[in-house]
Amino acid sequence: MATAAAASTALTGATTAAPKARRRAHLLATRRALAAPIRCSAASPAMPMAPPATPLRPWGPTDPRKGADILVESLERCGVRDVFAYPGGASMEIHQALTRSPVIANHLFRHEQGEAFAASGYARSSGRVGVCIATSGPGATNLVSALADALLDSVPMVAITGQVPRRMIGTDAFQETPIVEVTRSITKHNYLVLDVDDIPRVVQEAFFLASSGRPGPVLVDIPKDIQQQMAVPVWDKPMSLPGYIARLPKPPATELLEQVLRLVGESRRPVLYVGGGCAASGEELRRFVELTGIPVTTTLMGLGNFPSDDPLSLRMLGMHGTVYANYAVDKADLLLALGVRFDDRVTGKIEAFASRAKIVHVDIDPAEIGKNKQPHVSICADVKLALQGMNALLEGSTSKKSFDFGSWNDELDQQKREFPLGYKTSNEEIQPQYAIQVLDELTKGEAIIGTGVGQHQMWAAQYYTYKRPRQWLSSAGLGAMGFGLPAAAGASVANPGVTVVDIDGDGSFLMNVQELAMIRIENLPVKVFVLNNQHLGMVVQWEDRFYKANRAHTYLGNPENESEIYPDFVTIAKGFNIPAVRVTKKNEVRAAIKKMLETPGPYLLDIIVPHQEHVLPMIPSGGAFKDMILDGDGRTVY
């Protein structure tokens with residue numbers, strides 16, 4: 001067995017001598033292969049996969065290696081093929097170890113917030129755990145918004161941070177922040193690793209926690225001296241999560257599912273209210289709708305979980321949902337709430353929401369059941385298992401249960417005809433809704449769509465056709481501006497060959513504009529679709545409606561020359577060597593979008609739209625369906 005010192009020397013020599021071209025070719029080959037499933041998951045928490053042998057690692061199974069290498073090998077054993085990591089003093093050892101990995105590719109974003117949003121986009125679009133890595137201090141704190149976002153939107157992520165050496169913890173050392181304490185309330189769980197021998201177990205637990213039950217972010221903080229310490233890893237240590245595993249939801253009882261189906265049989269006006277918790281249940285949901293004929297509305301997080309072009313789709317409900325979706329929920333006598341949390345942007349005035357309906361709430365997280373709206377029947381279970389169980393009961397029934405909701409669906413079809421989504425048109429100005437409709441038409445509704453936060457986000461939700469789960473990526477619960485570009489890039493990494501479009505606003509886009517560098521360097525085919533109104537559009541809309549149009553720092557252009565488009569995103573994009581075009585007239589839009597989609601690699605399209613446009617319909621905050629606003633814009637005095 002090699003000594004620790006000899007192994008350390010051999011390790012350093014191997015790193016400096018490793019041919020970069022060979023490793024790059026290996027990684028490219030891996031990139032083309034389908035990503036392996038996460039082994040450290042709820043389905044198979046104790047099935048570690050040994051990493052392949054490689055000359056980059058000059059040690060045998062029983063030889064010591066650095067803690068950082070144990071960490072990277074642990075990630076490999078959990079099926080990780082991509083990480084989003086930005087180096088710094090306290091994480092350098094991890095980056096050195098990554099250069100010795102034959103299978104993990106690092107995607108170098110230019111800001112830790114960008115890399116963490118990319119990990120989120122990667123996870124949202126693929127269902128796999130997204131991994132981001134940052135240094136201590138400001139590197140770690142730059143992850144905070146993305147961790148909070150992932151917790152609210154139930155995104156499986158593992159964030160790994162470097163930390164100052166153990167002996168310096170608590171001394172206010174350079175770039176020291178107590179990131180475990182900082183993130184305690186915005187992660188599902190977090191760890192401070194104080195023993196190098198704990199790394200394999202902690203990583204396995206982190207992936208299991210992130211991906212099981214209600215998914216969420218887990219943070220692992222590793223001091224630098226632990227990363228440098230030599231040790232022989234023990235890979236078969238069992239996880240130590242007895243309380244957590246015992247509380248994981250069990251398959252739903254057949255008696256409860258039969259009770260739900262009895263309620264469906266007694267109902268005349270049922271509605272399915274579907275959220276992000278159905279992302280893994282699209283097939284089961286479609287089958288349930290086929291068997292019952294119940295109309296479906298989705299939350300912002302639920303877009304794509306049921307095809308929005310299906311005749312039984314009511315599209316999105318809530319503050320900026322369709323009239324007919326909100327009408328259906330208001331008139332319903334039965335509301336089947338699947339994988340939702342009765343968020344305030346959906347319910348408005350909670351007492352008035354679905355006030356005529358019996359409510360069935362199915363969710364994997366017991367904390368969500370009864371938190372905002374008390375259900376008549378609650379099932380704490382995986383929605384996928386609940387739907388599978390109900391489908392089996394429906395398909396196996398000797399009497400072949402049949403439901404007739406024809407008159408109810410006819411009533412809703414009439415609402416669709418009377419109150420379709422719409423907007424005012426003009427000959428010259430480009431309506432943002434029109435631009436998205438053209439994008440939808442030219443991509444045939446097949447693109448993965450990422451967005452920032454604001455008016456453009458709502459228009460993208462309303463006017464693009466979402467046909468499958470994991471097609472829509474947006475910061476829903478936290479509402480974090482700057483999410484769109486890095487999330488789209490992360491989705492592009494996870495889904496090579498798939499068209500990915502970042503529908504963004506000028507305000508959101510500018511918050512992480514530096515990530516144009518990364519998509520250019522890796523030549524990711526991310527199409528940046530900026531709806532540029534020179535304002536913080538959603539805040540302007542609220543100023544128009546509720547503050548007598550008094551502008552309070554919502555203009556983002558140049559006050560000394562308001563006719564100028566400022567900043568010039570076309571010039572900025574070209575500075576990153578990304579082709580870019582600006583369009584200002586409606587008759588230019590179709591050809592410009594077609595060129596964007598046909599151009600290989602990244603592309604930016606700057607679409608100038610009027611700032612007076614409002615997102616409609618709109619239910620004011622705290623309002624009810626009866627308070628819905630259907631017309632007007634910034635050209636109107638309120």
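Here the Cβ of each residue, glycine as well, is placed from N, Cα and C on the backbone.
Counting every protein chain shown, 27 other Cβ atoms lie within 10 Å of the Cβ of E112 (thiamine diphosphate binding site). Under the heading thiamine diphosphate binding site, Swiss-Prot lists E112, citing similarity to another entry as support.
Taken from Swiss-Prot, the feature FAD binding site covers R214, 320-341, 363-382. In this view, D382 (FAD binding site) is surrounded by 24 other Cβ atoms within 10 Å of its Cβ, with every protein chain counted.
Annotation note: D506 (Mg(2+) binding site) sits in a helical segment as assigned by DSSP. Around D506 (Mg(2+) binding site), taking its Cβ as the centre, 26 other Cβ atoms fall within 10 Å, counting all chains. Residues or ranges marked as Mg(2+) binding site in Swiss-Prot (evidence: similarity to another entry): D506, N533.
Feature annotation from Swiss-Prot assigns compositional bias 'Low complexity' to 1-19.
Here Swiss-Prot flags C132-C278 as disulfide bond, drawing on similarity to another entry. Long-range Cβ contacts of C132 (disulfide bond) within its own chain (separation 6+, distance under 8 Å): V83, F84, A85, E112, E115, A116, A118, A119, L143, A146, M157, V158, A159, I160.
The region 'Disordered' annotation in Swiss-Prot covers 1-23.
According to Swiss-Prot, the feature region 'Thiamine pyrophosphate binding' maps to 455-535, an assignment based on similarity to another entry.
Within its own chain, K331 (FAD binding site) has R269, R356 as residues 6 or more apart in sequence whose C-beta sits under 8 angstroms from its own. The Cβ neighbour count for I364 (FAD binding site), using a 10 Å radius over every protein chain in view, is 23. Its Cβ taken as reference, A337 (FAD binding site) is surrounded by 27 other Cβ atoms within 10 Å in the chains shown. In the region 'Thiamine pyrophosphate binding' (455-535), helix, strand and coil residues by DSSP number 35 helix, 16 strand, 30 coil. Of the candidate recorded positions, C278, D506, N533, the one lying closest to R214 (FAD binding site) when CA atoms are compared is C278.
Cα of C278 (disulfide bond) to Cα of N533 (Mg(2+) binding site): a span of 34 Å.
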